[in-house]
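What Swiss-Prot annotates here:
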ACT_SITE  Tyr194  active site, proton acceptor
BINDING   17-40  NADP(+) binding site
BINDING   Ser175  substrate binding site
Amino acid sequence: MTAPTVPVALVTGAAKRLGRSIAEGLHAEGYAVCLHYHRSAAEANALSATLNARRPNSAITVQADLSNVATAPVSGADGSAPVTLFTRCAELVAACYTHWGRCDVLVNNASSFYPTPLLRNDEDGHEPCVGDREAMETATADLFGSNAIAPYFLIKAFAHRFAGTPAKHRGTNYSIINMVDAMTNQPLLGYTIYTMAKGALEGLTRSAALELAPLQIRVNGVGPGLSVLVDDMPPAVWEGHRSKVPLYQRDSSAAEVSDVVIFLCSSKAKYITGTCVKVDGGYSLTRA
């Protein structure tokens, strides 16, 4: 184990998009970073190599499925026995301590996002078959797992490892950031389970901030609006969304969101906890 001389950040979903920007920003601020990924191994390993080229021994990658399914794999598991989500989350935090002896920042960024309509019948108008119901249960486990339950287990593991660390080995600035959604109170049609999960994450942010305040661990949320838009939506649809953003009539860049995360992780925000900051250009003020 390397002597714990620099602060360490664990970023989930760090291989691409917002997660990558957050990890790069924290690394630029002097953090060593643990880059979690699920399926994006090539991207995560490439980012780790880039960061280690800038500063040796400053980045590692760890794979884990954060859906709430007991049989999902974990790095190093032989697959012979189910591995619970609780265990997977504990192992992510443990990876930071194994490699660097500490974990100062946790960013819960990993998030599944896709529609789960309440009313979805087959072509003949019948109720979904058993296979469809099983698919819905899997989607629920995935969406709630990545967006709410995994963040809870990760925060729990983060706090327990902090409490078990001798005072002389602790840092001076501990922060947890949950990536919420600026539009939770103006839900996107058909995304019911995702919206439920993000609402739960906001509640977790406030509750954990209250419970962990005596340990001087700050917990905040950052809620992007239109940010790093996906490639598979028709351009005309995205332009329609962009035109409704009061400020600049565009989506945010990844850096504009990650800059807020990095600020909330810094000592400049040491009196801020339990709040959720919207980074949406005012978009949540307009959509009914």
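Backbone N, Cα and C atoms are what each Cβ position is placed from, and that goes for glycine too.
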Which same-chain residues, if any, lie at least 6 apart from Ala23 (NADP(+) binding site) yet have Cβ under 8 Å of it: Ala9, Val11, Ala14, Val33, Leu35, Leu47, Leu51, Ala59
Assigned conformation of Ala32 (NADP(+) binding site) - DSSP reduced to three states: strand
Chain-internal residues, separated by at least six, CB under 8 A from Glu29 (NADP(+) binding site): Ile262, Cys265, Ser266
Assigned element (helix, strand, coil) containing His38 (NADP(+) binding site), judged by DSSP: coil
Candidate with the highest Cβ count within 10 Å, taken from the binding-site residues Arg20, His38: Arg20
Cα-Cα distance linking Ala32 (NADP(+) binding site) and Ser175 (substrate binding site), given in Å to the nearest integer: 15
Assigned conformation of Ala23 (NADP(+) binding site) - DSSP reduced to three states: helix
